[in-house]
Amino acid sequence: MAEASVSPCPSAEEKMAGKQPPPLMKKHSQTDLVSRLKTRKILGVGGEDDDGEVHRSKISQVLGNEIKFAVREPLGLRVWQFLSAMLFSSVAIMALALPDQLYDAVFDGAEVTSKTPIRLYGGALLSISLIMWNALYTAEKVIIRWTLLTEACYFGVQSLVVTATLAETGLMSLGTVLLLASRLLFVIVSIYYYYQVGRKPKKV
């Protein structure tokens, strides 16, 4: 008696393996205008901020937009930065090379007891001048404002020191009066540009 051949039934795993997966449906949400607008609204970009600037990405919203500032910078700011850097550099070089002449020009004939403090003063001025030269070529508001604030504080402290020295020595000359007047003018101009750079633009 011949034995009937029985074909084995495929298991459930073989059936699942034999089935072809359905083709993946590609979504065109990235190219859909409505979806892109929703995404930008969730990220918080595309609209105007408190300063009236429109940010194209989250990075520009966090770091700021330097191109906008380059258009709105106060009139005469770069000229003032250049003059300040030149002034600090020239006085620093004179204090390092000719300390006697610098002291005589400020205090009108007073004798120099030691040249070392004047040369140290020149080295400090030279360091500040390097910062000002670098700030001349930047468009970041924070760096420019801190440079202007440093300049205003320096001129203010210098005016107080010169005034105290004149009160102790009793020496008063036309050159000293002009020096104090120029330092007060520099303080006023630096503070003016400091607030102008940090001022928010008016919305139209």
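Glycine is no exception: its Cβ is also placed from the backbone N, Cα and C atoms.
Because the structure is a prediction, the values reported are computed rather than measured.
Over in TrEMBL, the protein carries these features:
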- 1-30: region 'Disordered' (REGION)
- 79-98: transmembrane segment (TRANSMEM)
- 118-136: transmembrane segment (TRANSMEM)
- 148-167: transmembrane segment (TRANSMEM)
- 173-195: transmembrane segment (TRANSMEM)
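Sequence-distant residue pairs (6 or more apart) of the transmembrane segment (173-195) and the transmembrane segment (79-98) include at least 3 whose Cβ atoms are under 8 Å, placing the two stretches in contact. Same-chain residues lying 6 or more positions outside the transmembrane segment (148-167) and placing a CB less than 8 Å from one of its CB atoms are 84, 106-107, 128, 131-132, 176, 179-180, 183-184, 186-187, 190-191, 193-194, 197.
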